[in-house]
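J.: Let me begin by handing over the structure; questions about it come next.
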Amino acid sequence: MGNTSSERAALERQAGHKTPRRDSSGGAKDGDRPKILMDSPEDADIFHSEEIKAPEKEEFLAWQHDLEANDKAPAQARPTVFRWTGGGKEVYLSGSFNNWSKLPLTRSQNNFVAILDLPEGEHQYKFFVDGQWTHDPSEPIVTSQLGTVNNIIQVKKTDFEVFDALMVDSQKCSDVSELSSSPPGPYHQEPYMSKPEERFKAPPILPPHLLQVILNKDTGISCDPALLPEPNHVMLNHLYALSIKDGVMVLSATHRYKKKYVTTLLYKPI
């Protein structure tokens, strides 16, 4: 004898089980679906999968990198002198500032010199002298974990404060915008015309004190023939010439060395 529908419903309520109703498609109703907690950490992956986070993360990191790059001011290059005094025929310079590539040094007497513009900070370098790597023992050195010894140099901004101040002063002094490029007054383009009287003008008269030169004086009998009288100071550093006699021209010049006077005579045949 079968149970009625009312009896089956009472038995199901007592057992605490309720059969969900299904629609024509075979799925449960929307009201019977499990609820998802939006703030639950277990459910975070449902809304933020790796496929969605990867592009956003890369875009954020790229934006942050650009922001940091803009905030950092580029280090100013400073002229730095490298000098090798250990002799040699061919000397090269290599360092961390040029990926350890060889840079030839210029010979300056007994030394080899190079001037490079390096950014501020710490730099390591080494010399390549006649086919052998070496360092300068007179300069600061640093030893790596592999035992390699390199020279080290610190390029500091404070070492160039004097040069920066001089540069600022020179820039201020070079501002000549308020000055005129030419003297004031009228200008014209007429060519200069020499006058006939200026073309045939006689040379100026010789000053009288230049007439008393040593070549025109006779040496006294009481004087030493190897010594000449002391000349006047206005006669120094001038070139004098005697009248041509017997086909010979005599030139003379007097110079002073400390307390002595030296007169040179040049005899030239004509």
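Note: Cβ is positioned from N, Cα and C throughout, glycine not excepted.
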J.: Check the candidates LYS156, LYS172, LYS201, LYS260 against Swiss-Prot and report the one noted as N6-succinyllysine.
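T.: So the answer, going by Swiss-Prot, is LYS201.
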J.: Which residue from SER49, SER96, SER222 is recorded in Swiss-Prot as phosphoserine?
T.: SER96
J.: So which of SER94, SER108, SER144 shows up as phosphoserine in Swiss-Prot?
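T.: Going through SER94, SER108, SER144 one by one, Swiss-Prot annotates SER108 as phosphoserine.
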J.: Work through the modified residues one by one (SER96, SER182) and point out the residue whose CB has the fewest other CB atoms within 10 angstroms.
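T.: Across SER96, SER182, these modified residues, the one with fewest Cβ atoms within 10 Å is SER182.
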J.: Given the modified residues SER108, THR148, SER182, which one's Cα is the least distant from that of SER96 (phosphoserine)?
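T.: Its closest listed neighbour, by Cα, is THR148.
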J.: Between the Cα atoms of SER182 (phosphoserine) and SER108 (phosphoserine), find the distance and write it as a whole number of Å.
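T.: Per the Cα atoms, SER182 (phosphoserine) and SER108 (phosphoserine) stand 43 Å apart.
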